[in-house]
């Protein structure tokens, strides 16, 4: 408990100090994107702790972004209020999506979320009168506190990371109490959980709605940070991206969410910058191939995520371990 | 006579044309230990699945504390105080032994999603109680030394005891144990029977599926014998043991005339 608290305090200090070490606008933008991705990924990891996987998180991310952007831009409401409203409304949408789909077996649920994500993305493109279609929405109001703009990268950095840390703390609390035990029991065996009185469908719904709210919150922040949104960052590809972050971090490991989001965002930047230099004539599909390979390698060698995998590896390599190495760390 | 805690009335389950459970009726009085015996495939586990809401019956009723609970979803049945274990064991493999048991406390704890997220004092307090309860139950079955090991690393017999400990902390009124001594050493089995007796004295009612006849003779107040889904005998253990239909069911022979 105290060790966990110390870890969180250390992380908070590191995050607070980072802009003083790396203060270029480019790096701050990357950090901000990592912060937003962390929030989405934490939602996926909460969902994963009950054994569920979603390929529709980008749609929730997008609903938060579009909802908040439209309400604040066209009705003139405060972006703070519209982020909250869009988050709550997206949670409501997730509830409606969950009613028919959560009773499906795992892999069918994944397909249902995938289908939902595609539908939402198509609507963003096609409902031109509302969403601006493929050319998107411009002139989204920025966030302000007491008249001071948070549009600058550094100010936004503290906002998004403050919220990311809060999201991390909440997720950690959820997983370390009765709710988290129930979720892990569901992951272990739905029958076993039900036999002990765990209302399996209710818990699956709660955590699905929470994961959507996490994504929508990040989406709302994104819209008022970039101040321009279009359908492309909310496509299936983005959902896959978030899922890779969660899997890299370890689908049930809260700290892994932060790690996965950071690693994959940085990797994305490196790939974007370096691949054209090495292979001058290739297009963006090579990036997709690289992520595909990465995902396969991780699933083979680190099925519980890089963080857990590295810890296990460290334990195996240590000459005098407290316990003998056990076969199969799946 | 006191009102029965559990009444099973003409309970039937057909899968296609096969009757897995066929018109079975019995009642369990409070603090009684009823054992259910019968050859493999007699419908014993299906009977448990019907009582606990995992499988809806084709016809018939399950009555608990005078209330009809037929077809109630499994989590609600458990919530009402009917807890079961599984013949093939259902252990939450990836979590620790103590956390497995802590899940057993779900029924009588109250922390919800929001209280947990905010780590409200009530949630933290409840967590402490749950952990202490779980440790005490592990000590009761002799597993306290393995509390922090991963549950999947326990040998089969200890996993069986873990499942019993997890059922105990649920504070059941009615405990349905599906072959609780399978995979246990003679000593562990004896220990478990003593534990069952002790819990009975504390007010728990038991229905136990059991193959080990020593355990049945030793622990049961009443024995129910199933064959091909039907109840073929019921009574005190010694009487049932002498029942020619029961002997035939086990030996697969025709019952000789008297």
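Residue numbering: from 1, along the chain as shown.
Cβ from N, Cα, C; glycine included.
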- Message: Tell me which of A:135-154, A:155-174 corresponds to the transmembrane segment entry in TrEMBL.
- Response: A:155-174
- List, by number or range, the same-chain residues at least 6 past the transmembrane segment (A:155-174) whose CB is under 8 A from its CB atoms? 4, 8, 11-12, 15-16, 19, 28, 31-32, 35-36, 38-39, 42-43, 45-46, 143, 148-149, 180, 183, 210, 214, 217, 221, 225, 254-255, 257-258
- Would you kindly check A:54-71, A:77-96, A:108-128, A:207-225, A:237-267 and say which stretch has the most C-beta pairs under 8 angstroms to the transmembrane segment (A:27-47)? A:237-267
- Message: Tell me if the transmembrane segment (A:54-71) touches the transmembrane segment (A:237-267). I count contact as 3 or more CB pairs below 8 A, with pairs 6 or more residues apart.
- Response: yes
- Query: Same-chain Cβ contacts of the transmembrane segment (A:108-128) under 8 Å, 6 or more residues past its ends?
  - Reply: 52-59, 62-63, 66, 97, 100-102, 134, 231, 234-236, 239
